[in-house]
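As annotated by Swiss-Prot, substrate binding site applies to HIS134, THR135, LYS272, ASN281, ARG290, with the evidence given as sequence analysis. The divalent metal cation binding site feature in Swiss-Prot is assigned to HIS164, HIS209, HIS264.
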Amino acid sequence: MTKRIAITPGEPASIGPDLVIKLAQQAWPVELVVCADPNLLMTRAKMLGLPLQLRPYQPSQPPKPQTAGTLTIAPFTLAEEVECGVLNEANSAYVVETLRYAGEKNMSNEFDAVVTGPVHKGIINQAGIPFSGHTEFFALQANCADVVMMLAAPGLQVALMTTHIPLAYVAKAITRDRLHHIITILHRELVSKFGLGSPKIYVCGLNPHAGEDGHLGREEIDTIIPALNELREQGMDIVGPLPADTLFQPKYLEQADVVLAMYHDQGLPVLKSLGFGKSVNITLGLPYIRTSVDHGTALELAGSGKADCGSFTCALNKAIELASKSK
């Protein structure tokens, strides 16, 4: 059965619309429902010199594979005309509304996944709309207490124990309860959405050399190791904690389905050095599939035709893959 994937281009003055139009230049085995202002897409396509036809979204009809040069449109209306590369807080509510719609329709199973383009958090907050990011927005909308951020690149998947918090707060944020919660979500999602029977999770230590038997920090001894042992007793296949400076090498990565890093800059620099532009942000713990690009708005490239749609293509391919596997 053909899947139906929602796409939100994100910030209208950014490269988001450009990338969606570039995606449309090839055929896809799914229906791509773009939540956007149709005039924005047609104007940007003309600017890029690329062919584009929009067909209206008809939820009562079965989804059809997307033919090259076409997109299915769920129409929204911008408050003001867009100038490429120029942020306008008047259009912030439009951006948030496209996200709200995509989330609602995924929760009602009208869509099989959502792929999100880059947004500009600053301009949304400047408009008086509290917004800390896609992940938090969708989690709040779906009433999810916790979600897990995971980035995937060819040959490596890295999930994060903590995300966007100062390094000084990381150690206190790593508790037995939180380790239980995050790893349980990670394990469950790898089974249900990735189709893995018994996922192997490799876990980084927090301290250099994973604490070196307590000489370089006791978090491993007092918190991480006891929590991992308790999770192993539940049948989870967990390796670690291992020193982060040695974990990211082929002899471990070839065995791992995912690496759990303790903090943002412990795991993501390695992943992005291996696959920047080819990595995908995946939110685990939502009641639906959400993938995203691994880059920002690149306002200076909007409308120029120079934006690379590699990450958006990877995000869409990953969403299609997960939608086909999801139980």
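The backbone N, Cα and C atoms fix where each Cβ goes, and this holds for glycine too.
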Secondary-structure category, per DSSP, in which HIS164 (divalent metal cation binding site) falls: coil
Binding-site residues (HIS134, HIS164, HIS209, HIS264, LYS272), the one with most neighbouring Cβ atoms at 10 Å: HIS134
Secondary-structure category, per DSSP, in which ASN281 (substrate binding site) falls: strand
Same chain, 6+ residues apart, C-beta under 8 Å of the C-beta of ASN281 (substrate binding site), given in sequence order: MET149, MET150, LEU151, THR291, SER292, VAL293, ASP294, ALA315
Reduced DSSP assignment, ARG290 (substrate binding site): strand
For ARG290 (substrate binding site), the number of other Cβ atoms found within 10 Å of its own Cβ: 27
For HIS134 (substrate binding site): DSSP state (helix, strand, coil): helix
Distant-in-sequence Cβ neighbours of THR135 (substrate binding site), under 8 Å, six or more positions away: VAL147, MET149, THR163, THR283
DSSP three-state assignment for LYS272 (substrate binding site): helix
Minimum Cα separation from HIS164 (divalent metal cation binding site), reported as the residue among binding-site residues HIS134, LYS272, ARG290 that achieves it: HIS134
Length of the line joining the Cα atoms of ARG290 (substrate binding site) and HIS264 (divalent metal cation binding site), in Å: 20
